Amino acid sequence: MEEQSKNKISEEEKQLHGRPNRPKGGLITMPFIFANEICEKLAVVGFHANMISYLTTQLHLPLTKAANTLTNFAGTSSLTPLLGAFIADSFAGRFWTITFASIIYQIGMTLLTISAIIPTLRPPPCKGEEVCVVADTAQLSILYVALLLGALGSGGIRPCVVAFGADQFDESDPNQTTKTWNYFNWYYFCMGAAVLLAVTVLVWIQDNVGWGLGLGIPTVAMFLSVIAFVGGFQLYRHLDPAGSPFTRLIQVGVAAFRKRKLRMVSDPSLLYFNDEIDAPISLGGKLTHTKHMSFLDKAAIVTEQDNLKPGQIPNHWRLSTVHRVEELKSVIRMGPIGASGILLITAYAQQGTFSLQQAKTMNRHLTNSFQIPAGSMSVFTTIAMLTTIVFYDRIFVKVARKFTGLERGITFLHRMGIGFVISIIATLVAGFVEIKRKSVAIEHGLLDKPHTIVPISFLWLIPQYGLHGVAEAFMSIGHLEFFYDQAPESMRSTATALFWMAISIGNYVSTLLVTLVHKFSAKPDGSNWLPDNNLNRGRLEYFYWLITVLQAVNLVYYLWCAKIYTYKPVQVHHSKEDSSPVKDELQLSNRSLVDA
C-alpha cells in the first residue's frame with residue numbers, strides 16, 4: 001500500500017472540511033500566485049527581450065555567437081518544463097516545485113545582475129575605434145551558469161503555476177462562483193501585462209539608465225514574489241502528488257501488449273475496477289469506460305495468470321484498472337488537438353522576425369523627435385490581447401451564454417477555432433501590407449536602397465500585430481484551458497508542460513520553414529522570397545500567404561479533430577451529506593452534464 005499511502009490527500013486538505021468558516025483556496029490565493037507569475041514573466045522578458053544587446057555591447061560577443069547562446073538557452077528552457085512537471089506530479093507537488101524553482105531562478109537572476117554591476121566580471125568597455133575585448137572564459141562561465149539556472153527555474157515555474165492556480169478552484173463546490181475559465185483569462189491577462197511592462201519600461205531603463213538597474217529591478221521583484229508566494233501557504237489547497245504519471249501510462253501500454261491476443265470481454269463491467277487503488281489519483285471523480293481505443297481495454301481484463309486475490313494490489317505491469325486505462329486514452333485523444341496549435345505559434349513567431357524587419361524600413365515617428373523602436377512593435381499585440389481578454393471575460397461570455405446555455409459561454413474547442421480563423425486573417429493581411437510597403441518603395445525609387453526609410457507609416461502594421469494579439473487571446477488561452485481540463489487530474493502539471501512544448505515546437509517549425517523557403521525560393525539571378533540584405537527585393541508577401549494556406553489546411557484538420565473529439569467522462573461521487581437525490585453523476589469534462 002506504499003503508493004496509496006504516499007498519494008493520499010494531505011492532512012491540510014482533510015482538515016478543510018472541518019473548517020467551513022475558512023475554506024482553503026479560492027480568490028484569496030490569487031494575489032500570491034499571480035505575484036509569482038508576474039515577476040517570473042517580468043524577469044524572463046525583461047532579461048531576454050534585450051539580452052542580445054547585453055551580450056554584444058557589454059560582453060562584446062560576436063552577433064552570431066550571441067544569437068546562438070540565446071537560441072540554446074531558449075531551447076533548454078522549452079524542455080525543462082517537462083522535467084518540472086514530472087517532479088511536481090510524481091513526488092514534490094506543485095507548491096514545493098514552484099517554491100524551489102523560484103529560488104533557483106532567483107539565484108540565476110542575482111548572479112547575472114551582479115555580473116552587470118561589478119566591472120571586473122565584464123570585459124573593459126571599448127574606446128573609440130579600438131578592437132573590443134571579448135569576455136573571457138571566467139566571465140562567460142558566470143553568464144552560462146546564470147542562464148542555466150534561469151532555464152531550470154523557469155522549467156519548474158511554468159508548468160506548475162497555472163495548474164496550481166486552477167487547483168484553488170473546486171468546481172464541485174456549488175457555493176463557488178469563480179470558475180477555472182475565469183482564472184485562465186486572469187492568468188493570461190496578468191502574464192500579458194507583465195510582458196507589456198517589460199518590453200517598455202525595463203527595456204528603456206536598460207538602454208538609457210544602465211544594465212545594473214535594468215536587471216536589478218526584476219531580480220528584486222522576483223525575490224519579493226517568492227516571499228509572497230510562500231507567505232500564502234496556509235491559504236492554498238494542497239493536492240498531494242499521485243506518483244509518476246508516465247509510469248502509469250507505460251504500465252497500461254505494457255499490460256495491453258501482454259494481453260493483445262485475448263478476446264475482448266462482451267461487457268465492460270467485467271473489466272477490472274478498484275476504487276480503493278484509484279482513490280489517490282481520482283479525487284475529482286473517476287474516469288469511466290469509453291468504447292474508443294478498445295485495444296487498450298485489454299490491460300483491464302482479469303486472467304488466471306494475474307493471480308488476483310481479494311484485497312490484493314495487482315501487478316500493474318500485467319493488470320490495470322479502467323480508470324488508468326482511461327488516463328492513457330485521454331492523453332492520446334488530446335494529442336491531435338494539442339498539435340493543431342503549433343502552426344499558430346509559427347505564424348505568431350514572424351512578428352519578431354520579418355514583421356520587425358518591415359517595421360525597421362518604415363516611418364515610425366510619432367513626433368519629430370520621437371520614434372517607436374522596431375523592437376517595441378509587439379506592444380500592439382500585447383495591448384490587443386489584453387483588451388480582448390477583458391472583452392471576452394466581461395462581455396462576450398455573458399452574451400454567448402444566452403445563446404449556448406453554457407456557463408463559460410462557449411467551449412474551449414470553439415474558442416480555439418475562433419483563434420485559428422483570426423490568425424489566418426492576420427497573416428493574409430500581412431501579405432497585403434507588404435505589397436503596399438513595396439509599392440511605396442517603388443514609387444519613391446527606393447527598391448535598391450534597403451537602408452533608406454520608406455515613406456510609409458508604421459501604422460499600416462498595426463492590423464497584423466493587433467490581429468495576432470486577438471488570435472492569441474482566443475486560441476492560446478483556449479489551448480491552455482484544453483490541456484488543463486482534459487488531462488487526467490493527476491498529471492495536470494505535465495499537461496501544462498505540453499502547452500509550452502507546443503509553443504516551442506511552433507518556433508522550431510518557424511525556423512525550419514524559413515530555412516526551406518529561403519533555400520528553395522532562391523533563383524540563379526540572386527532573387528529570393530526572403531533575401532538576406534534587401535527586403536524590398538524579396539517576396540515576403542508570398543511567405544505570409546504560404547503560412548496562410550498552411551493555417552487554412554490546419555484549420556480543416558482542427559475542425560475534423562474537434563468534431564470527433566470525445567470529452568473525458570468523469571463519474572462524480574457525492575458525499576453522504578449531499579441532499580441531492582442523485583448520488584452519482586456522469587459529468588463530461590467540458591462541464592456539461594448527462595444522466596448517469
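The backbone N, Cα and C atoms fix where each Cβ goes, glycine too.
TrEMBL lists 1-16 with the feature compositional bias 'Basic and acidic residues'.
According to TrEMBL, the feature region 'Disordered' maps to 1-23.
Residues or ranges marked as transmembrane segment in TrEMBL: 95-121 (among others). Below 8 angstroms of C-beta separation, residues 36, 40, 43, 47, 54, 58, 84, 87-88, 139, 142-143, 145-150, 152-157, 160-161, 164, 211-212, 214-216, 218-219, 222-223, 225-226, 229-230, 233, 236, 238, 493 of the same chain, each at least six residues beyond the ends of the transmembrane segment (95-121), sit close to that stretch.
Only residues 6 or more beyond the boundaries of the transmembrane segment (141-165), in the same chain, are considered here, and those with a CB under 8 A from a CB of the stretch are 29-30, 33-34, 36-37, 40, 44, 47, 55, 59, 69, 73, 76-77, 79-85, 87-88, 94-95, 97-98, 100-109, 111-112, 115, 121, 135, 183-184, 187, 236, 480, 484, 492-497, 499-500. Annotated transmembrane segment per TrEMBL: 141-165 (among others), in sequence order.
If you look up TrEMBL, you'll see 186-205 (among others) marked as transmembrane segment.
According to TrEMBL, the transmembrane segment annotation covers 211-236 (among others).
As annotated by TrEMBL, transmembrane segment applies to 331-350 (among others).
The transmembrane segment annotation in TrEMBL covers 370-392 (among others).
As annotated by TrEMBL, transmembrane segment applies to 412-433 (among others).
Packing against the transmembrane segment (453-477) from elsewhere in the chain are residues 184-185, 188, 341, 344, 347-348, 351, 355, 358-359, 361-364, 372, 377-378, 380-389, 392, 415-416, 418-420, 422-423, 425-427, 429-430, 433, 436-437, 440-441, 444, 446, 536: each is 6 or more residues past its ends and has a CB under 8 Å from a CB in it. As annotated by TrEMBL, transmembrane segment applies to 453-477 (among others).
According to TrEMBL, the feature transmembrane segment maps to 498-522 (among others).
Outside the transmembrane segment (542-560), and at least 6 residues removed from its termini, the chain residues within Cβ reach (under 8 Å) are 336-337, 340, 343-344, 346-347, 350, 354, 416-417, 420-421, 423-424, 427-428, 430-431, 434, 513, 517, 521, 529-530. If you look up TrEMBL, you'll see 542-560 (among others) marked as transmembrane segment.
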(request) Please work out which recorded stretch in 211-236, 331-350, 498-522 has the most C-beta pairs separated by under 8 angstroms from the transmembrane segment (186-205)? (result) 211-236
(message) As a test: from 331-350, 370-392, 498-522, pick the stretch that has the greatest number of Cβ pairs under 8 Å with the transmembrane segment (412-433).
(response) 331-350
(message) Counting only residues 6 or more past its boundaries, what in the same chain has a CB within less than 8 Å of a CB in the transmembrane segment (498-522)?
(response) 74-75, 78-79, 81-82, 158-159, 334, 338-339, 341-346, 348-350, 353, 479-480, 483, 528-530, 539, 542-543, 546-547
(message) Do any residues, 6 or more residues outside the transmembrane segment (370-392), come within under 8 Å Cβ-to-Cβ of it, and if so which ones?
(response) 49-50, 185, 188-189, 192-193, 195-196, 199-200, 203, 351-352, 355-356, 359-360, 363-364, 458, 461-462, 465-470, 472-474, 477
